[in-house]
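Here is the structure we will look at.
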């Protein structure tokens, strides 16, 4: 019993660490922006560094992936996840880290909604209320800003749509494969896209000087390697359902970090919206009867870490 409790505590600690690590990424990226880093330069270096380290971490696990799985993972990384990342990082250029992160959570509602239309999810009354709470929360967060940037909000919503597409496609194409190996391959695909784009645009050297470089390295290592490995390690000790709930600490930590480090404070209306989003996430991730859990590969350290566990009704 004591050994079980120790494992459980370690798992809880790992999941909380993952949530904190995920939350640091948008804040670190905005620090790089403030010191003159260019969007595509940030994306190129951030994912290249993450891909190199994740490939080293994956090691021999990469051999377990079939050629078809590798091809599908690379395609998702090059196209779908690259689109999500570009839109989200572009949103971070124009709006605050908490606002962009919270608006990005709209992807949860999109995933559940598509699942319901496809007959893969049952919309109980509780889940309908949760979906409504997400949309209401996003509306409060976007509309409650003191000086809202409409394009920034649209970009964040676009990233939510792209991330929802990624989750739905990866659930179909990347089943039953090692998640760390898949994460490494997916991130490599994203890195390839942005390194080529940044090199073509001459922005690989625009990383914001020493401070920007440190921020990008930290975003890659903390937001990718530490976050993903801690999250997957936590899942192995406490299970996907508990892990997905614990990692929602990402939301309040992002808000706190942005306030302390960047001076970005939410208005009262936005705080209400944030509370609605967090409550809705907890409801959507709560386990239900006759439900099994399946991992969706965590391609990169974007917001909405809780959605890296896909909940699917058991047949």
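Glycine is no exception: its Cβ is also placed from the backbone N, Cα and C atoms.
Note: TrEMBL annotation is automatic and uncurated.
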Looking at 17-34, 269-286, which stretch does TrEMBL describe as transmembrane segment?
269-286
Take the transmembrane segment (102-119) and find every residue of the same chain, 6 or more past its ends, with a Cβ under 8 Å from one of its Cβ atoms.
88, 91, 127, 131, 134-135, 137-138, 141-142, 153, 156-157, 159-161, 163-164, 167-168, 251, 270, 273-274, 277, 280-281, 284, 302-304, 306-307, 310, 312
Helix, strand, coil residue numbers for the domain 'EamA' (151-284) per DSSP?
116 helix, 0 strand, 18 coil
I'd like the per-state residue tally for the domain 'EamA' (10-141) from DSSP, helix first, then strand, then coil.
116 helix, 0 strand, 16 coil
So, do the transmembrane segment (151-169) and the transmembrane segment (213-238) meet, by the test of 3 or more Cβ pairs under 8 Å (sequence gap 6 or more)?
no
Maximum Cβ pairs under 8 Å to the transmembrane segment (70-90) - stretch from the list 39-58, 128-145, 181-207, 269-286
181-207
Stretch winning on C-beta pairs under 8 A with the transmembrane segment (269-286) (pool: 39-58, 128-145, 181-207) is 128-145
